[in-house]
Amino acid sequence: MYQLTLPDKSIKEVASGFTYRDFIEKELPFLKNKALAVRLNGEEILDLSRTVEKNSNIEVLTYSEKLGWETFQHSAAHLLGMAVQNLYKNANLTVGPVIDNGPGFFYYDIDFQGAIVTPEDFPKIEAEMEKIVKADHPVWRKVVSKKQAIETFQKLGEKYKIEIIDGIPSEEVSIYGMGEWFDLCRGPHVPNSGVLKSFKLTAISGAYWKADKNNSMLTRIYGVAFPTKKELDQYLFQIEEAKKRDHRKIGKEMDLFSFQKEGPGFPFWHPKGTILWNSLAEYLRSECNKRGYQEIKTPAVLSSELWKKSGHWDNFHENMYFTDIDEEDYALKPMNCPGCSLIYKHHLHSYRELPLRFAEFGSVHRHELHGVLHGLFRVRAFTQDDSHIYAPLDYLESEVMDIIDFTFTVYKKFGFSEFKTFIATRPEKSQGKDEDWEFATSTLKQSLEKKGIPYGIKEGEGAFYGPKIEFNIKDSIGRLWQCGTIQVDFSMPERFDLDYTDSDGQKKRPVMIHRAIYGSLERFIGILIEHYEGKFPLWISPNQIRILTVTEKVTDYAKNVYRELLDSGFRVELDTRNEKIGAKIRDSILKKANYLLILGEKEMESNTLAVRMRGQEDTKILTRTGFISNLQDEIKSS
């Protein structure tokens, strides 16, 4: 008999010879149709068909857990591989990983040996995938020696698999299959092909084997997979909506920002975009002031010795930009925290002045490969709404709880109402003592629990210096965006020898909390553009009001209205072009102005305004003072 301990600490006994699937069907029947794999002792992930062979802590992985989702997507990649080889007998498979960002959730790189495959072939491949799903093949696993595996794949002419096997250090490899088809894989996989009910091939591109242009050019086919058709349909709806809402397209139409060939990955903010950028910064600055934050600014270029001291040199070197000044190495800052810590260290500190909260709109530069750049979502230069809080250890929980409240206040201001929260734990590449990591992680969990906020765990995805809370916001079409973070750091205060004098006169080490709510202003603006489809609420809109003249006779009246609105603090544009009013209206709709004032001789004679609200076709006649009062009320209530 073996003992399996569930997450709720209950212990179940399992007879020898039972598989994990047998165990779930007997002890956890409500999960039998959802279970995809199991994780033992927080580390080892196994197929449900594996036999229970030891006492373990066990987690059942379903599609809703990240590891279960990855198992599902990778199994769908195998489904694609099998379908392709059923249809294209000479096709050679290479690798088929799961991805977080891209035109799909998985892909398979395939050498079609001269056959041309295009998106027009997707229906044929999907039909073959459907046949495999309907056959409901059990997924089998076999462990063989490397020699056996090489001989097997040599007979099939699978040269890429042989190359992969040659690079595996262990003497045994695992093979997974469905029916007579099989593939080299370490697993795990779903229990049977029938689980993979809903899928879609989404894109195709070229890719070099091992990303080396001297190697063979392969065909990369992307796809997504879901447990139900409803979830797939929702995803496909999101994709179509996302195309309409693409912030790059809307940003161009509204003249918010651009990217230039002279600086790929570096945004150029146009006047309207700068208004939007400043609106976000000013709002957060005012909220920080209410909460006792002190704003600072740190240099963009600092000595490489600083980055070695902070640990960024070892952990972030490949993403940094370097320069030489007076024959010494310097770097553009990729993060703001070391500079902030130098400001803290510049003065002596007493326990009476802690917690000390510094805030900075800090511009950082990080090298990203050209191929992953994506509008405002993935750039090489951006501004973080960074805050670094230095506090005694016994203040950690209360500070974290205050930041949680602050974070949700900001998100709700922008119209977000649904959230998902995660705790990201210690990665393999990290710094600091085990006990500090355990204490910090426990404190983050307790803070969320006391606030009644449910959370998931992202194993090994914390920063190199500490665990973090990640805040995900759900936008208007149901997509989740990871934005804010709260990160606990014991490492940097140690590295910079930061201290304060406690009530007993002794020097103590503060804990450091890194906090960002937007994450970066650039990315958050990109999210807002797509969330609102460019139709911003009045208080942040860069195009609040456009005044359109019907005839040249009303130009002076329009200018008078324009000046009054400017003096009242509104963002106004005046269009007196000698164009038909219909053309002016169409142009204003494209720019997504909140209000159009259509002024003709009638409005001039009555000293009124014909007001057309965004998204409506009718106009209302308002007095000038009445319109201004309405705008002020709208902004106050937002």
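All positions are counted from 1 along the displayed chain.
In case you wondered, yes, glycine gets a Cβ from its N, Cα and C as well.
Going by what Swiss-Prot states, the Zn(2+) site holds His388, His514, and the candidate of Cys288, Cys337 recorded there is Cys337.
His388 (Zn(2+) binding site) has a Cβ environment of 27 other Cβ atoms inside 10 Å. Residue counts for the domain 'TGS' (1-62) by DSSP state, with H, G and I taken as helix and E and B as strand, are 11 helix, 23 strand, 28 coil.
Excluding the listed site residues Cys337, His388, His514, the same chain places Met335, Asn336, Cys340, Ser341, Asp386, Ser387, Ile389, Gln487, Asp489, Met492, Met512, Ile513, Arg515 with Cβ atoms within 8 Å of the centre of the Zn(2+) site Cβ atoms. Confidence for the region 'Catalytic' (246-537), expressed as mean pLDDT, is 94. Long-range Cβ proximity for His514 (Zn(2+) binding site), meaning a same-chain Cβ under 8 A and a gap of 6 or more residues, is found for Cys337, Asp386, Ser387, His388, Ala463, Gly466, Lys468, Thr485, Ile486, Gln487, Val488, Asp489. Around the Cβ of Cys337 (Zn(2+) binding site), a 10 Å sphere holds 25 further Cβ atoms from the protein chains shown.
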